[in-house]
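S.K.: Let me begin by handing over the structure; questions about it come next.
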Amino acid sequence: MRERQPAQERRRAREFALFVAGAAGRLLHTATLLTGEPASGPAPAAEELLTCALARTYAAWDRLRGDDPYERTRRELAARFAHTAWRHRRPRGGLLDRLSPQERLVLVLRLYEGVPEEQTAAQLGLPAERVHALCLHAIAEMRSHRPRPEPAPARRPAPAQAPAQAQEPGRAQSISPPPLPPDPARKPPPPSESGRPPQGPPTPPASNPTQGSPAPPASGAPQTPAPKSAAP
């Protein structure tokens, strides 16, 4: 009998350690929502609340008989907070500080933990209509004090830019050189009397290859005078 009892203790300790390793993070966040402490900083009140709830769950571990240990710890957490709510009335600067402890407990169970309305009412010992009214009032209170985001400053439109010319990669863009200025030493030709610019010498007419010009007489040959036309 004495050997069996240490074996049960080791089994219970091993199972409870596995449960705490998987559920302690979410349960601690639930506790910080109830106490109003920041989740990223130290939360001594939430840690104390969770430690008491886990201790009661461990004491009743062998009597769970298939019940969910997470749900059992959550019930212990809510009951412990309801009995010690007067210790968590100190304002901490969050939105949940605007709610009463009862409204905060209903809001956390209904919205964060997803507990049904009838189950929440049975756990807290309240009518379902009262739980519904507390949840609606808590939601409206938080929405009315939620900080609104500041509007973004208006931006001026950027000036339009000319589209850049397409250029082949790896090839420099060719730039044409500027035109040369006129030479001051070079004088323009004087204008003619008629106002037109002077023209060059006339071009002689081209000779017709079909009409041959008279061949010059041979040297030493008598030249025959051309006949004179008779007078009328």
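Each residue, glycine too, has its Cβ placed from N, Cα and C.
From TrEMBL, here are the annotated features:
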type: COMPBIAS; residues: 157-173; note: compositional bias 'Low complexity'
type: COMPBIAS; residues: 176-207; note: compositional bias 'Pro residues'
type: COMPBIAS; residues: 220-232; note: compositional bias 'Low complexity'
type: DOMAIN; residues: 95-143; note: domain 'RNA polymerase sigma-70 region 4'
type: REGION; residues: 145-232; note: region 'Disordered'
S.K.: Using DSSP, how many residues of the domain 'RNA polymerase sigma-70 region 4' (95-143) fall into helix, strand and coil, respectively?
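M.R.: For the domain 'RNA polymerase sigma-70 region 4' (95-143), the helix, strand and coil counts are 40 helix, 0 strand, 9 coil.
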S.K.: If you average per-residue pLDDT over the domain 'RNA polymerase sigma-70 region 4' (95-143), what number do you get?
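M.R.: It averages 93.
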